[in-house]
Amino acid sequence: MASGQQERSELDRMAREGETVVPGGTGGKTLEAQEHLAEGRSRGGQTRKDQLGEEGYREMGHKGGETRKEQLGEEGYREMGHKGGETRKEQMGEEGYHEMGRKGGLSTMEESGGERAAREGIDIDESKFKTKS
């Protein structure tokens, strides 16, 4: 099994080849740069959310999504979503993706999957669908 340092070295090599290895780290030329970018983007997003409030932030995201859909067209937008889903599946692993699907399958228009699982006593192990690092 690879040590943490070996794994970081491999991720750094991939980043230096132009691959994004940290979610939110797009544009960073090293692993450390991608981690730094992701942290900054996360903090910036939280600051903006605090400024706009929950509803305003949600609306801003919705408008951005609609704009992107117009730019890419329906098929391009669908392809982008598919690629994102595949990336997320790789990050979580098969077991995590399965567990996330179980939770999503419990959701209804009136109740989230998490709420329903709690109400019905269904165990959903959310630690399985955290990004593997």
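Note that Cβ sites are derived from N, Cα and C of the backbone, with glycine treated the same way.
Now, the feature entries from Swiss-Prot:
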type	residues	note
COMPBIAS	7-19	compositional bias 'Basic and acidic residues'
COMPBIAS	32-102	compositional bias 'Basic and acidic residues'
COMPBIAS	113-133	compositional bias 'Basic and acidic residues'
REGION	1-133	region 'Disordered'
REGION	24-83	region '3 X 20 AA tandem repeats'
REPEAT	24-43	repeat '1'
REPEAT	44-63	repeat '2'
REPEAT	64-83	repeat '3'
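If one looks beyond the compositional bias 'Basic and acidic residues' (113-133) by at least 6 residues along the same chain, the residues whose Cβ comes under 8 Å of a Cβ in the stretch are 23, 91-93, 95-97, 99-100, 102-107.
Residues of the same chain lying 6 or more positions beyond the ends of the repeat '3' (64-83) include none with a Cβ under 8 Å from any Cβ of it. For the region '3 X 20 AA tandem repeats' (24-83), the model gives a mean pLDDT of 95. Across the region 'Disordered' (1-133), DSSP assigns 100 helix, 0 strand, 33 coil.
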